[in-house]
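Heads up: the structure comes next, in structure tokens.
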Amino acid sequence: RRQRALLWGVLLAAWEAAWGQLRYSVPEEMPKGSFVGDVAKDLGLQLPEFTDRGFRIVDRGRTQYFSLHGKTGHLVTAERIDREQLCRLVEKCVLRCELIVEGQMQVYGIEVEIKDINDNAPIFRDAEIELRMSETTAPGSRFSLPRAHDPDTGLNSLQSYELSGDEHFSLAVQVGPGGDQRPELVLAKALDREEATFHELVLRAMDGGDPARTGTARIRVTVLDANDNAPVFSQAEYTVRVPEDVPVGSVLVTVMATDVDEGLYGLVKYSMKKETDTASDIFHLDSETGAIKLLKILDFEEGDSYELEVQAHDSGALFDTTKVVITVTDVNDNAPELTVSSKLNEISEDAPPGTVVALLHLQDRDSGANGELTSNPSFSLAMKESPDGSKPELVLERALDREKQSSFELVMMAVDAGDPARSGTVQIRVNVTDANDNPPVFAQDRYHVSLREDAPPGSAVLNLSASDADAGTNARITYSFGKMPTKTLQKFMVDAESGSVTLQEALDFEDTSLFSLAVEAKDGG
């Protein structure tokens, strides 16, 4: 069955290259190394090209659930994935990671939907349920029963209940506003304590998997003598809103019920019906006072609402039930996280405006605005937001000039909209490389030199010098004569490296008294 589910997951995988987004699906509980999707094929790359480009998977969560197989270009599972553990409160379980193309300033988002399998049976918190009913209880009376819990989703989750064991009782199932099923025990036939002091029933919960899984709870109903007044809560539903940073030990709300009976039948105690362990781990109900206290720190990002079912019962068999809804409000307890996904270590000074210098990633676990980015406006680099604000880019805003500034030290900051605001920073250094944008320049554009006609060959005529504001090869200068008469070229020589002009042949004033030399300086660009 698991292999069949994997095949369907592969057939249903889809990607949207136009938006840089890859989408796949895979069943939960697959072993490590299981196939998720053919990334190389979906990107339209041959394996040699895929290997040469340098791809890597980045997972922003605490655990990396996927890895990339370098030889095949396949995305595979890096861990066994339990959907119920990852997405306990989410109907559609999606894990996200990123595929970064090194050196190309390109990133692909990957979404993998974790499909549910029927790996959990419905479970009742208590396998044994004790109920106590007065023999005067009227037929048709209804009694709330504990609900079963099944962490699976869809058809694999809880679908139905059934009751067996006694003609005195039947089962009714109420459907809540959210579609949840609430089993109720219905008294179908009047009780007679003298006939039977207790009744044994079996409640079954079934899911819709193939094959179906079943959970059971045994119900023992003890028949008591008459107690004609049940406790009554002051409210049918209690609602309270608390910030997520409320201290542990705080009383969040106090429920109250009264019973007009006297003596033991009028003594009210409280209990919390626990369908899952979550509520009992976080909240404590005082059975005497009805006060609900906080047992552990709340986290809005893990759960923003809790619904408790509280029962008030007297010393007889009667009780009342109320609902307590605790809503958790967000506080600004998480700073924005700004990280560098990929960046250029150096950029040429002739790079055009709009060149992407770095890919950033921004996230804030709090709700609301993800954060606002700021940068130092005196630099030539600026921020460019992605559509969802989580993948900003650092881009070149205006032309660079290495001769004025050869490197940039940027501190990027992300600020959230909290009060007080929290911020996260990341530091980026970018070196500017030289482009041949400056010609050599002589100290003078014209030189006048006098030389005796009896100067011997090899005599120094003039030491020329030119400078170039560029660096490296672009600033290396060589000297040569320009276009001149052959006679002049025979008389003089210029050193290509030093720029020194020397005499090569003897002079004759009566033959020529003036020479005009054209000297050129060229850089290595």
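Each Cβ is built from the backbone N, Cα and C atoms, and glycine gets one as well.
Curation does not apply to TrEMBL; its annotations are automatic.
The annotation domain 'Cadherin' is assigned in TrEMBL to 25-124, 125-233, 234-338, 339-442, 443-525. The region 'Disordered' annotation in TrEMBL covers 367-390. Residues or ranges marked as signal peptide in TrEMBL: 1-20.
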- line: Its residues classified by DSSP, the domain 'Cadherin' (443-525) shows 10 helix, 21 strand, 52 coil
- prompt: Using DSSP, how many residues in the domain 'Cadherin' (125-233) fall into helix, strand and coil?
  reply: 3 helix, 55 strand, 51 coil
Message: If I take every residue in the domain 'Cadherin' (25-124) and average their pLDDT values, what number comes out?
response: 84
Query: Could you give the number of helix, strand and coil residues in the domain 'Cadherin' (25-124) as assigned by DSSP?
result: 15 helix, 38 strand, 47 coil
